[in-house]
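The following features are taken from Swiss-Prot:
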type	residues	note
DOMAIN	83-197	domain 'SET'
BINDING	D127, S128, A129, N130, S131, W132, V133, Y196	substrate binding site
ZN_FING	230-253	zinc finger
BINDING	C235	Zn(2+) 1 binding site
BINDING	T275, E276, V277, D341, C342	S-adenosyl-L-methionine binding site
COMPBIAS	291-314	compositional bias 'Polar residues'
REGION	291-322	region 'Disordered'
ZN_FING	337-360	zinc finger
ZN_FING	366-388	zinc finger
ZN_FING	405-428	zinc finger
BINDING	C407, C410, H423, H428	Zn(2+) 2 binding site
REGION	447-496	region 'Disordered'
COMPBIAS	450-459	compositional bias 'Basic and acidic residues'
ZN_FING	508-528	zinc finger
ZN_FING	575-598	zinc finger
ZN_FING	644-666	zinc finger
ZN_FING	689-711	zinc finger
ZN_FING	717-739	zinc finger
BINDING	C747, C750, H763, H767	Zn(2+) 3 binding site
ZN_FING	773-795	zinc finger
BINDING	C775, C778, H791, H795	Zn(2+) 4 binding site
ZN_FING	801-823	zinc finger
BINDING	C803, C806, H819, H823	Zn(2+) 5 binding site
ZN_FING	829-852	zinc finger
BINDING	C831, C834, H847	Zn(2+) 6 binding site
Amino acid sequence: MSLSPDLPPSEEQNLEIQGSATNCYSVVIIEEQDDTFNDQPFYCEMCQQHFIDQCETHGPPSFTCDSPAALGTPQRALLTLPQGLVIGRSSISHAGLGVFNQGQTVPLGMHFGPFDGEEISEEKALDSANSWVICRGNNQYSYIDAEKDTHSNWMKFVVCSRSETEQNLVAFQQNGRILFRCCRPISPGQEFRVWYAEEYAQGLGAIWDKIWDNKCISQGSTEEQATQNCPCPFCHYSFPTLVYLHAHVKRTHPNEYAQFTQTHPLESEAHTPITEVEQCLVASDEALSTQTQPVTESPQEQISTQNGQPIHQTENSDEPDASDIYTAAGEISDEIHACVDCGRSFLRSCHLKRHQRTIHSKEKPYCCSQCKKCFSQATGLKRHQHTHQEQEKNIESPDRPSDIYPCTKCTLSFVAKINLHQHLKRHHHGEYLRLVESGSLTAETEEDHTEVCFDKQDPNYEPPSRGRKSTKNSLKGRGCPKKVAVGRPRGRPPKNKNLEVEVQKISPICTNCEQSFSDLETLKTHQCPRRDDEGDNVEHPQEASQYICGECIRAFSNLDLLKAHECIQQGEGSYCCPHCDLYFNRMCNLRRHERTIHSKEKPYCCTVCLKSFTQSSGLKRHQQSHLRRKSHRQSSALFTAAIFPCAYCPFSFTDERYLYKHIRRHHPEMSLKYLSFQEGGVLSVEKPHSCSQCCKSFSTIKGFKNHSCFKQGEKVYLCPDCGKAFSWFNSLKQHQRIHTGEKPYTCSQCGKSFVHSGQLNVHLRTHTGEKPFLCSQCGESFRQSGDLRRHEQKHSGVRPCQCPDCGKSFSRPQSLKAHQQLHVGTKLFPCTQCGKSFTRRYHLTRHHQKMHS
């Protein structure tokens, strides 16, 4: 697996590594070395030669030093991360965290280390996935384990390589320590992948085989992937990929390796992560879903099949449909070019090469000669070079107007008018229809790149005829609620050249607010404020909401909506509820009322987590959360994980929200500066709903209504057991669990149950050891934010809870409450045997131990 050639017999070396405090790249200083270690010499990647002191051509080896952090420091593994490196979610599926390069390109021959850890026994090393073996000679070994964060460094997060093409680090032993050597240049954004040197493993034997197998098995094998594991036919080990299995058989079962390669050829194994194959399938489904959108027929390529019939395929399409490969007769083509990594098939070999280059290898062979920016496809390079040409024209003639087309509805600009039209059609459809109506779009643009609207009630309306015919005479105004698309679905070739253009029905869209509807009737009942020419809302008194419900004071724009309202007067509806005598004008409203109020029935069930809902809208909102999680997992597994490093300390995060919370908690003086820097980004989302009492803003009206100040004093949900009132129904349900003893949230590891889900989340941190709340002054970590706040009060000396009687201050309200009992004289803890009462619980416990035990 290693790129290094076989080494000559190891020689005695007198080397010690010392890092420089000012420069990340240091050299090796010669000192006396312990000759009891069975070390390997250094290796020069440039001249492919081994050396002991220094290379005759390139000098001594270079090292990247760790950031200084004393042993025993909490989270030392993160604090030792060198400058330019960050830790984030690994691009290998289910591999956990990984190390990424965010600085300059790491050159060949750069060394990292040594690997820090705690020396453990052989039995513990065989059960750990973070152990390395140190060979001391004469079959004597020591084991370094990085399980504890207080004794390890950042090298514990480097994941194992799945193939030789992925490997960019080589692990070897030098001076009784494990070092990593860069065997391939590591560009910015790439992840560190390590594999051991062959000469290092030769003298370790079966013990190293078991330890390394534990590393490979722990990386990527979960219960969900148990069916995809590759078991070894000669022992009980199982591996997540065939590459790991081949390395294991070659190392542990060398006599059976020749027979094994015949039955399990490595060439057919796709070392692509499983989620990457799923991503390809999702891309195929998305390509199929785009068939309902209009696309152009020119420019096209005519691909002749064996039958001599033409197959049309759009030239600019990045990936044709993998699941639908058609000939002119509707049959599947005989010549299929299949991808060995994900199984997708293509009509032409060039499309297969482009797919492998853009999806799997991430190769970008097309580079700009001016700015050195690279692209995976030639079309992207052409579009990019067009920007340079426009810049040169503007420099040569400053008075010449720039060919930049800004969008009037947002801040984006485009170098081509057709790109602006496509942007308007997708994101500002109302403005796009206005341009079509005013004639700003040319006939060529309408024909090739747009959707056009027809009104079948218009006497001048003519359906699309055979061939390619301009449709500009058939355009209708903005008020047209129905649209038909001129074009053919993507990837579906016509049966012959004279085939009629397909007519695709699109959902009606309101031209004022750009909201889409399922049918025309819903669009007609929809009412929204009209806009003037500048885009501002113009209220018309005659169109205001004039129909008001007498019970709930809710206003409606027309009488039909008011009649369909649930709060209509008794006797006005045709459908009566048998439980509460409420009348409804529609049967569906009555059924929904019975289901949500009386029967508590939840017929809408999620197929993923089996959670049930009373209404279909709740199920749809819930399913969106699963889709977001799935797309996030697929994108994080297929592409390099997004890393958000903190600019004020060495911590890094995989989500920008976590980074902002970290800055707000540990760098409060920088939080406002960070927010101003993020203007227009994710964190500066518009929040139009503001609370006048606490000045807190919300992005949605639902979040504003659920705010505590909104319902302050309004407690409408009473507990039937103790009479306590609540403002929210969910709060009442959680409170009733105290009376019923129900604990629905159970820990899967120890079986302990909890009333609230938040209690379970905090409890799970006791199993994982996670302490995400870090004190910025002493470095101590805590599982809960409340523990951190109480701890920070020790540093600040602030005691916010003050007794109004004597003025004594306390850091916790519980301590103040117990102190106030001394002034009142209340003794809440009586003894059940003698009747004596006490003000403190520990006083009662001490009384039991002395008097009654």
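Each residue, glycine too, has its Cβ placed from N, Cα and C.
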Sparsest-packed among the binding-site residues, when each Cβ's other Cβ atoms within 10 Å are tallied, from C342, C407, C747, C750, C831:
C750
Check the zinc finger (644-666) against each of 366-388, 405-428, 773-795, 801-823 and return whichever range has the most CB pairs under 8 Å.
773-795
For H767 (Zn(2+) 3 binding site), which residues in the same chain are close in space, meaning a Cβ under 8 Å from its Cβ, but six or more apart along the sequence?
C747, Q749, C750
Could you measure between C834 (Zn(2+) 6 binding site) and H823 (Zn(2+) 5 binding site) for me? Cα positions, answer in whole angstrom.
24
Of the binding-site residues listed as N130, V133, Y196, H763, the one whose CA lies nearest the CA of C342 (S-adenosyl-L-methionine binding site):
Y196
Tell me, if you would, which residue among D127, D341 (binding-site residues) has the fewest other CB atoms within 10 Å in the structure shown?
D127
Among the binding-site residues H423, H791, H819, H823, which residue has its Cβ surrounded by the fewest other Cβ atoms within 10 Å?
H823
What does DSSP give as the helix, strand and coil breakdown of the zinc finger (337-360)?
12 helix, 4 strand, 8 coil
What count of other C-beta atoms do you get within 10 angstroms of the C-beta of C235 (Zn(2+) 1 binding site), across all chains shown?
13
Folded-back contacts onto the zinc finger (829-852), same chain, C-beta under 8 angstroms, at least six residues removed:
818, 821-822
Any idea what the Cα distance is from H428 (Zn(2+) 2 binding site) over to W132 (substrate binding site), rounded to a whole Å?
58
Mind giving me a neighbour count for C806 (Zn(2+) 5 binding site)? Other Cβ atoms within 10 Å of its Cβ, every protein chain shown.
10
To the nearest whole angstrom, what is the C-alpha distance linking H823 (Zn(2+) 5 binding site) and C775 (Zn(2+) 4 binding site)?
36
What average pLDDT is reported by the model for the zinc finger (773-795)?
83
Could you name the residues, excluding C803, C806, H819, H823, of the same chain that surround the Zn(2+) 5 site, i.e. Cβ within 8 Å of the Cβ centre of those residues, in sequence order?
P804, D805, G807, K808, L816, Q820, L822
Please report the distance from the Cα of Y196 (substrate binding site) to the Cα of the residue listed as 'Zn(2+) 1 binding site', rounded to the nearest angstrom.
22
By CA-CA distance, flag whichever of C235, C407, H423, H791, H819 among the binding-site residues is nearest to D127 (substrate binding site).
C235
Could you check the binding-site residues H428, H763, H795, H847 and say which one's CB has the fewest neighbouring CB atoms inside 10 Å?
H795
